[in-house]
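Asks: Structure incoming, see below.
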């Protein structure tokens, strides 16, 4: 049998085998897993270097606004041209847009001539409106004067310029089709103005194609996966106040309230949590139905500002919202049925939570402590999100390769129609940028797991002090045990925490990569049809999920033993696993039911955050003008995820209290031949009743 745990309490030997010390968990420790601490520090240095690349090369405006024919980002100031006011991208030549929509067309929409405007032009009922190129050369107009003239200086053109304009080669182009602001690009409406078209034909202009293709070509470009991804990332940047309030302050407030309620109304909290969880889940589902357009008239729309109510444009974002609405419906049904199934076990969870509530009452600093990792995570997320926006927009603006004969346009500086280097510009992403983005995402997950693990270890050390002092005088508990536990963690065990969080992050990353490969093969139709390969495919997915869940569970218990014993991560994992296996009959259902209630509590906080996120995003600020989000989907999911992380930090007070007391109970029983000397009476009663149930179920 394994000997006594090192340095659990004064009467045990310390981890290095030295003589016992006086007091509770006062022991001589050694620095553990130093190699992984060095790796973690190197990782942080790499994160800073990686982020500095993004800050140096990126421009988040690229995620929202398009490029003009010179490669300038609309809505920003450039060396030779100030486009700060001009945020809308407009395609000057409707025939180029039409040709880009043809299956056998040589011209791509990215090479069609575009400029940046203040608003989308509209055709006139009694005359022909023009939109002219940026004033240059002989056109002696300032940009502000050009804007005030509604981009029209046709009257100043020479006969040569007018002739090239009638050939749709500029510098002025007719406004034949109405257009609407769709995600900061003027999308043509394939309904030509009869009056404008008649004036154009009377002036001798070339034939202009009228077809739905002119509408679909732009729409296809706006709904491409790359464009949708850019808009989703841009939504995070636009909704940063929502993330601060609903992803930070709201879950912080709700988590503290939940802990206080657990402290004073523990008997009612499991019931309140289950009922509230189902109500919130249904409420969030209803909001998704509203945004999907299945309830009311508030569906997600890509159109910005006022527009013709009879004109509708549907983006890919609406499809995504509807998909999530269906998923939430399924989850709600499963959640309600599961809640009904666990009603009989809620009383057992109440008993376990009462033990945790007593710990919180005795060590009151535990309620306040999670605010420290919360503040550190908040600072990290602010830096991380800002860096992510710059990394996602850090591609190089390069000119496309195209057939120059299709993009000829009048050059005001050269005073002639120019077909050289008239292709459009695109943002080119190199492979190293993709690697940098994935490294940044992995870094976020590892850092989050590290902060959560550190918080859990500190809480475990504090609760262990409480447990082992029950058989002795209360002065034996060190003053402010939370800070004593923090000191031990910072001095000896940061490497062990870094290793545990790295293992979880690595397994989760592998699962993510395999899932991405699965989706890609599914789309391309390369998934094998043979039943054996399909079975192997789904079995591997299930195994990875099981491995992930097991590792997270083992890690949590390892952090407890790290806090108690000061041993390395692997040794602590082995000790914790041995203790649990030896006492599985006594602690089996108790721990599971307690975890279920706490998990539902975290979901309550995160769903509240998502609900508040929906309400904030439904305000005028995020439905119109510059801050309009393409869809509430990603900001709401971000609020949900941040709310869950904040709740995890605070709920770890209860979660780790239960787990630490149970593991301490197991060790206490082992050290005292099956009779725990320091266990609270309520815990003994709960565990003994659970053991009787397990024995009865095995014998019948």
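Including glycine, each Cβ sits where the backbone N, Cα and C put it.
This is the feature table in Swiss-Prot:
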- 163: N-linked glycosylation site (CARBOHYD)
- 194: N-linked glycosylation site (CARBOHYD)
- 403: N-linked glycosylation site (CARBOHYD)
- 1-33: topological domain 'Cytoplasmic' (TOPO_DOM)
- 55-241: topological domain 'Extracellular' (TOPO_DOM)
- 286-322: topological domain 'Extracellular' (TOPO_DOM)
- 344-364: topological domain 'Cytoplasmic' (TOPO_DOM)
- 386-432: topological domain 'Extracellular' (TOPO_DOM)
- 454-493: topological domain 'Cytoplasmic' (TOPO_DOM)
- 515-595: topological domain 'Extracellular' (TOPO_DOM)
- 617-633: topological domain 'Cytoplasmic' (TOPO_DOM)
- 655-700: topological domain 'Extracellular' (TOPO_DOM)
- 34-54: transmembrane segment (TRANSMEM)
- 242-262: transmembrane segment (TRANSMEM)
- 265-285: transmembrane segment (TRANSMEM)
- 323-343: transmembrane segment (TRANSMEM)
- 365-385: transmembrane segment (TRANSMEM)
- 433-453: transmembrane segment (TRANSMEM)
- 494-514: transmembrane segment (TRANSMEM)
- 596-616: transmembrane segment (TRANSMEM)
- 634-654: transmembrane segment (TRANSMEM)
Asks: Hey, which of 265-285, 323-343, 494-514, 596-616 has the most Cβ-Cβ pairs under 8 Å against the transmembrane segment (433-453)?
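Replies: The stretch with the most close Cβ contacts to the transmembrane segment (433-453) is 494-514.
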Asks: According to DSSP, does residue 194 (N-linked glycosylation site) sit in a helix, a strand, or coil?
Replies: helix
Asks: Which listed stretch (34-54, 323-343, 494-514, 596-616, 634-654) has the most C-beta pairs under 8 A with the transmembrane segment (365-385)?
Replies: 634-654
Asks: Round to the nearest Å and give the CA-to-CA distance linking residue 194 (N-linked glycosylation site) with residue 403 (N-linked glycosylation site).
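Replies: Residue 194 (N-linked glycosylation site) to residue 403 (N-linked glycosylation site), Cα-Cα distance: 32 Å.
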Asks: Name the residues of the same chain, 6+ apart in sequence, whose Cβ is under 8 Å from the Cβ of residue 403 (N-linked glycosylation site)?
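Replies: Those within reach of residue 403 (N-linked glycosylation site), by Cβ under 8 Å and sequence separation of 6 or more, are 106, 107.
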Asks: According to DSSP, which kind of secondary structure is residue 403 (N-linked glycosylation site) found in, if we only use helix, strand and coil?
Replies: coil
Asks: Mind checking which residues of the chain, 6+ beyond the ends of the topological domain 'Cytoplasmic' (617-633), have their Cβ under 8 Å from one of its Cβ atoms?
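Replies: Distant contacts of the topological domain 'Cytoplasmic' (617-633): 87, 183, 228, 231-232, 234-235, 238-239, 242, 291, 298, 300, 302, 304-305, 315, 317-318, 320-321, 324.
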Asks: By a Cβ-Cβ criterion of under 8 Å, what residues six or more beyond either terminus of the transmembrane segment (634-654) are in contact with it?
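Replies: Residues 232-233, 235-236, 239, 242-243, 246-248, 250-252, 254-256, 258-259, 262, 353, 356-357, 360, 366-367, 369-370, 373-374, 377, 381, 448, 451-452, 455-456, 459, 598, 601-603, 605-610, 612-614, 617.
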Asks: Check the glycosylation sites 163, 194 for other C-beta atoms within 10 angstroms of each C-beta and report the one with the most.
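Replies: Result for the most crowded candidate: 163.
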Asks: Mean pLDDT, the topological domain 'Cytoplasmic' (454-493)?
Replies: 75
